[in-house]
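Shown next, in structure tokens, is the structure this report addresses.
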Amino acid sequence: MPSAFQFQCHLVLIFLAASKGETRYLEVRDAGEDDPFLLLSEDLKRELSAGQIYRRSLRCIDMLSIEGQFTFTAEQPQLHCATFFIGEPEELITVHYDFVNIDCHGGDFLKVFDGWILKGEKFPSSLDHPLTTSQRYVDFCESGNIQRSITSSQNVAMIFFRIQQPGNGFTVTVKKSSNLFPCNVISQTPSGRFTMVIPHQHRNCSFSIIYPVVIKISDLILGHLNGLFLKKPPAGCAGMGDFVELLGGAGLDPSKMFPLADLCHSFHGSAQMKVGCDNTVLRMVSSGKHINRVTFEYHQLDLQETETRKENSIEEFCFPSI
């Protein structure tokens, strides 16, 4: 039986992929609360690729994975609303206020958050984001026309808003730009392949997969070791300054998840792990002194898969939760 976290994520946020993991774009259906998601048709994709701007209305709780212009108009007082934006791993998201008509003095607000928040948990975590939590919020009622465009630090962002007067609302334009070295990422799909590179940067990067998965690391290069050391140092991987760890848990914030395994030596080969947790995170910690790189692939865990441990497979985790 799915956990509350999976229900929240799949129903509200990122039920983005069909079982084959091929679909990248998803929109919320305008008709019917019981069927909130609709994959964009091929005709619409072709229209968008031809340069047309996609426009539609927003709902109080919504999710967007495509560029366009989006309008919310309150038909009744709306006190707790949010729109979640997600792009491809190598994309950043810019939210631009085109038009805002809200009563800031009467208690309305419109805020952009750099990342996602769900049930009090943040992605990226405070440990992995270059800004403080307060700096990650941009409040229209405080900034007004001073800051009308906000660009995320990763492939996810969101807006919170409260609008109490019917007829009031706002219009935003969402655009995406390239990120040469993607750091913190939430995967749109339950399967894929990704290479994370941290080039001489002192930062931590997390790749989050909100599905139970089988994850296989096929290549790991940590500059400080150059493949010469195979034993974990006495202080653990954290003592090396550059390492990769696998985390699992039932929430969104990597800093609140359980450490499942860590790797602090370079290798070429295969290390595989079955993670039955609601959320699986591969996190790279980098001292900034070296170029670190990890390549991995993942696919959604099939509960009917044999549980026989394969060669180079690490112990399975979290199976009681699925």
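The backbone N, Cα and C atoms fix where each Cβ goes, and this holds for glycine too.
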Cysteine of CYS81, CYS104 paired with CYS60 via disulfide, per TrEMBL: CYS81
Spatial neighbour of CYS183 (disulfide bond) that is closest, considering only the disulfide-bonded residues CYS81, CYS104, CYS141, CYS264, CYS318 and their CA atoms: CYS264
Pairwise CA distance, CYS318 (disulfide bond) versus CYS141 (disulfide bond), rounded so that it is a whole Å: 43
Other CB atoms within 10 A, centred on CYS277 (disulfide bond): 28
CYS205 (disulfide bond) CB neighbourhood, other CB atoms within 10 A: 24
Cβ-Cβ neighbours of CYS141 (disulfide bond) (radius 10 Å): 15
